[in-house]
């Protein structure tokens, strides 16, 4: 005889329902328990600092600043698209000198503190620059650029300083290293999504300069981080060693850069970003001002950017759980091809092919933004991991900051070359006849990095890239006292922030 089939009793149903309710309840409560665990083990001031810098200053504030600045340049300063493209590159210069900020926080303590004074300085710098922009009308473009660059420096200094704090905590609490990186990524993603969603609404209601007034709030919170952060105070510091520490760091980095296994990938990263011409300001002017364009409102622009940030997050998840073990060269090859193809969506939009296919502008642009951001993230993630694998032991943080500066220099070059292209093709606030040609040229330039992939090692992320003499660079080139030079790691390679 077969086994008898038993019917569930009322007690069994009650237990199943109770388990279901507990499961749903735990899903909502788990993040709160996680935050409380981090607060208990790492101190509330550290958790507050990470969420402030990544979530509010860079995430929410960065989103508001991007949309606000685009409309400030277009509607207040009334500059041409090519000029706006050049100016956006100028304001990013503080991010190119990130190693300098990092070295200062490591080797130049102020009043016995290595991190707190730099948070305070970054906060004051951001407050003053944003207040100045919000309260003064008819500013000369040079003064406005100086203020925007100072605000960018405020965010960059806070970014480097909080990364140093995260790396220090990762050393003292290695079991929580992944949780800290997750906290950084979570804060940044949520902040960007909220910021872009609200950016268009705020620009419409209070204007770009009103948005700058709101942007005094993030640096105020950064200032509070500097006031409340729990940090031990050093009683004695030999300031006469500062110059020697800088010299030791410079020598170690130069020796590493002379290694072919290091400078070849660095050259690829710079050229890859430089040759991917940035004409985003021209596209912004076209979708908002061109008679032939969709004439999107401020609110729609914000929503589109918010959806694009979701695409970027999905790209990071896809890399983390499906692509992270593939060889660098193979992954970059396919990512670059997809990057070229995604650019054709912009060309189809400018030539209005989407309307001929019956696809509305808003729906098409949302797809374009999501796909472009997703593919851009897939291209960026392996480069971040490769950069982390190129760092010699002992100077990992300092050298990683240098590599990120090389990438930022490539982005700056891309922005300026894109501005030059818009100027040569006479793309102005009212003239967009040749803008389609600018998009096509940009897409053709995106093919060129494929011919430079021989500079990238065939290794996968789990294999060693550097030779032994470079891996042990610090032991060979630094004295015992130069340990103070090391800038703590800025980005965890697994999460690739």
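Just so you know, glycine gets a Cβ as well, placed from its N, Cα and C.
TrEMBL: automatically predicted annotations, no manual curation.
For reference, TrEMBL has these:
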- 42-65: transmembrane segment (TRANSMEM)
- 118-135: transmembrane segment (TRANSMEM)
- 141-162: transmembrane segment (TRANSMEM)
- 183-205: transmembrane segment (TRANSMEM)
- 211-229: transmembrane segment (TRANSMEM)
- 267-288: transmembrane segment (TRANSMEM)
- 300-319: transmembrane segment (TRANSMEM)
- 331-353: transmembrane segment (TRANSMEM)
- 399-423: transmembrane segment (TRANSMEM)
- 435-456: transmembrane segment (TRANSMEM)
Ranked first among 42-65, 141-162, 331-353, 399-423, 435-456 for CB pairs under 8 angstroms with the transmembrane segment (300-319): 42-65
Paired segments the transmembrane segment (267-288) and the transmembrane segment (435-456) in contact, 3+ CB pairs under 8 A: yes
Distant-in-sequence neighbours of the transmembrane segment (141-162), which means Cβ under 8 A and at least six residues beyond its ends: 49-50, 53-54, 57-58, 61-62, 65, 69, 72, 77, 79, 87, 90-95, 98, 101-102, 105, 115, 118-119, 121-123, 125-126, 128-130, 132-133, 215, 219, 222, 225, 401, 490
Long-range Cβ neighbours of the transmembrane segment (331-353) (under 8 Å; 6 or more residues past either end): 272, 276, 283, 286, 292, 323, 361, 364-365, 367-368, 371-372, 375-376, 378-379, 382-383, 435-436, 439-440, 442-443, 446-447, 449-450, 453, 456
Closest-packing stretch to the transmembrane segment (399-423), where packing means Cβ pairs under 8 Å, from 118-135, 183-205, 211-229, 435-456: 435-456
